[in-house]
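Contents: one structure, followed by commentary.
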Amino acid sequence: MALGGEERKRRKGSERRQSSGDGVSCAASDYLVGQVADSLRGGPRPPGGGTGRLAALFSTAEPSAPPVFVPVPQETSKKRKLDDDDDDEEESVSQTKKPVLQEPSRKVKVKKLSDADKRLANRESALASADLEEELHQDQGQGRRRRSQSRGKVADGEALDVALSLAKDGGQRTKIPVNPEEERLKNERTVFVGNLPVTCNKKKLKSFFKEYGQVESVRFRSVMPAEGTLTKKLAAIKRKFHPDQKSINAYVVFKDESAAAKALQRNGAQIAEGFRIRVDLASETASRDKRSVFVGNLPYKIEDSALEEHFLDCGSIVAVRIVRNPLTGVGRGFGYVLFENTDAVHLALKLNNSELMGRKLRVMRSVNKEKLKQQNSNPSLKKDVIKPKQRLNFTSKEGKFHSKEGKFHSKNAFIGEKAVLMKKKKKGQKKKVQMKKPRKQQ
């Protein structure tokens, strides 16, 4: 390629030189002096001047042959080589950029499974699922064992929060087992305080009993929440009581038993205007039964002070308790009155059927529930009570009859007669009339 380009250049250069030499020689031989001036002046031209060589210069003669256009050759061979390299690179790039034709995908032939193959596949899947279930059960069992071990490591009597967190089940706290001996010792240090105003709080109650000893804790009871969504504990903390509630009760726990015994001196003291408190040991339950009476048929809206005034003439009263509904705080219609001695109980029993707020009271001795259970379980302790319904057997014609228990009654007792059943006639029933048959004539 490079050699052909050089030969073309040489030929073209020689042709140009020849054409330039011919033109110069022709111009020098044909030109005459004065031809240009005469043409400008417009004067008479010499004869034969029209056909001179000068006029031929301005004539438009048709070319003998059409011009030939020859492409210009490149100057250097290095540029040509570079261009060739570029062309090769472009061709390679174009070849790489051509989209690759996707080969047609081969159709996969699906084999039809036979019934035996299907059964085998089902068995394998069932076995695999059974293995997974066994692994899950094993993991759950290991988790339970770890939890039980961690619970076992917790020592008895450790923090209460840990015990409560372990006892949680489904968002509900289970009851923690209580040591009865510890509870008995705690009750000996506990004082019951009744008829407290709803405005009383823990700080006031502690300051009221601080002169007798150090107070360990205070718990409010008989609380009626103002809203149904509040619990009793939360209502006592937030001081949100029902507007109809006027008094509450509390338990005060001292650190020493001697302090609890000294605190009984506050019994009958006035903590607020119209509120005389009742103070008694929480452990004295056996002696209470002998010194207390049961009062029934009470008005539902009665207050402790009204019941206390009704029994003041019988003797000095230690405590009055009206049983109320734990949710609504309304009285259930019965209560208990505790006196200082048993002599006041005999006088209180005489107030049976007495009226209070338009109701006749029912006054009886307070009996321990455990004793009632023992009497019901032992038939020997029961009194002979005649049952209201007894079947009578009429055995003799003399008028004597006795019951199943074998007790005979007097002759004058009314025995009665056995009634004869009579069939009742239906209404509208007509008597049947017998038609006489006509005699046959002979």
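Cβ coordinates are placed from backbone N, Cα and C, and glycine is handled just like the others.
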Among Lys107, Lys153, Lys186, Lys371, residue with annotation N6-acetyllysine (source: Swiss-Prot): Lys153
Range annotated as region 'Disordered' - as stated in Swiss-Prot, picked from 393-417, 418-442: 418-442
Number of helical, extended and coil residues in the compositional bias 'Basic and acidic residues' (112-122), per DSSP: 8 helix, 0 strand, 3 coil
Secondary structure content of the domain 'RRM 1' (189-284), with strand meaning DSSP E or B: 25 helix, 34 strand, 37 coil
Lowest local Cβ density (other Cβ within 10 Å) among recorded positions: Lys246, Ser292: Lys246
Distance [Cα-Cα, Å, rounded] between Lys246 (SUMO2 cross-link) and Ser292 (phosphoserine): 24
